[in-house]
Amino acid sequence: MFSKTLTIADFDPVLWDAMRKEARRQEDHVELIASENYASPMVMAAQGSVLTNKYAEGYPGKRYYGGCEYVDIAEQLAMDRALELFGAEHANVQAHSGSQANQAVYLSVLQPGDKIMGMSLAHGGHLTHGAKVNVSGKLFQVAAYGVRAEDGRIDYDAMAEQAERERPKMIVAGASAYSRVIDFARIGEIARSIGAYLLVDMAHIAGLVATGLHPSPVPHADFVTTTTHKTLRGPRGGLILCREQYAKKVNSLIFPGLQGGPLMHVIAAKAVAFREALQPEFKSYQQQVIHNAQTLSKVLAGRGYGAVSGGTDNHLFLLNLGEKVTGKEAEEALGQANITVNKNAVPFDIRPPAVTSGIRIGTPAATTRGFGEAEMHRLGNGIADVLDASSDAAVIERVRADMKALCHQFPVYG
């Protein structure tokens, strides 16, 4: 029998100390990693609920375990809300992550050795879109497309020519570091012209799509995957949307193909997040996310740090640091100043991936805590001050104190 009163702090003080310090870090640091956000207390309550105890292999109404009548309700709510949010024909909410969602889609209609065509990781794509170090790049032949050197944007005419030449069985659209609107309608036309499937990974922009602030890929794609955190602001997890004709294949690939029991506590948290995303204020939040990213990009450009492609249409942008400082050095210096970013390769980067010539900046988390235009100006100048003097301890300490004071004005959880 376990204790009903013993706390983690009492039982495992070393772990509790790490948890406590991480909570403090989240409160005291400005979070600008584009893939991170703060889940609401309701999402975290669902994820920390008794649903974590329940095994439920199968799908609602078709389980391999008894006692699933209540978790069936939770999963059905998540599915129904996902369909309402995105207007899709079928939703699978069991994928443990976006990576597993992508893997399930690949294996549902492709065979090892088939060719896929995805955006190059070096140009803003994602590991799971065919990178050599990922299973997607090991199981399948890969033809990678990228952006134009002159403006950092996808060249759709070149993509069409490449697709005609390479004849992939599936085209993968979506990115992890691309700041412009993606023309899913055009990519859908390209895929159909060669008889290829279209998978859109909208993990980064799902919140924008849900609120109509980015064109939806759903009408144009055979499959759409996403994570449920990032701009959706839910728990860490995955979601697959697809046409009804692929529903059975996708479901079978998730279970029993790739996974066993679903994480019912996470699925419940997804249901909460989807309900939050259906509220009118969620669109206002997403509008502010975009406005903050555009404001921050302009402030930094005014200080001599231009964004790849010249700006942003969404929640993120890449700074090309050129010869001033490496991405690794910038990440470390900004971290010391209580500003969290990640080093990131820029298109046609001459530096290795562990060093890079750029950093990726995103505004979902900062916007969640209440930052607006005024805070973006203050933040942008702080970032530029550090980048201008990345080895100056006095500058870093001054910016750190300012960022900590700013964070205290806008607490995340209180």
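Placement of Cβ uses the backbone N, Cα and C atoms for every residue, glycine included.
Note: H126 ((6S)-5,6,7,8-tetrahydrofolate binding site) has non-local neighbours G118, M119, G174, A175, S176, D201, A203, i.e. same-chain residues 6+ apart with C-beta under 8 A of its own C-beta. Taken from Swiss-Prot, the feature (6S)-5,6,7,8-tetrahydrofolate binding site applies to L121, G125, H126, L127.
Long-range Cβ neighbours of K230 (N6-(pyridoxal phosphate)lysine) (same chain, at least 6 residues apart, Cβ-Cβ under 8 Å): A34, S35, E36, N37, A203, H204, A206, G207, P364. DSSP assigns K230 (N6-(pyridoxal phosphate)lysine) to a helix. Under the heading N6-(pyridoxal phosphate)lysine, Swiss-Prot lists K230, citing sequence analysis as support.
Within the same chain, residues at least six positions away from H229 (site 'Plays an important role in substrate specificity') with a Cβ under 8 Å of its Cβ are S35, E36, N37, A39, P235, R236, G237. Look at Swiss-Prot and you will find H229 tagged as site 'Plays an important role in substrate specificity', backed by sequence analysis.
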| Which residues of the same chain, at least 6 positions away in sequence, have a Cβ lying under 8 Å from the Cβ of G125 ((6S)-5,6,7,8-tetrahydrofolate binding site)? | G118, M119, A131, A144, V172, G174, A175, S176
| said: Other residues near the (6S)-5,6,7,8-tetrahydrofolate site, CB within 8 A of the CB centroid of L121, G125, H126, L127? | reply: G118, M119, S120, T128, H129, G130, A131, N134, A175, S176
| query | Using a Cβ-Cβ cut-off under 8 angstroms and a sequence gap of six or more, which residues of the chain neighbour L121 ((6S)-5,6,7,8-tetrahydrofolate binding site)? | reply | L127, H129, A131, A345
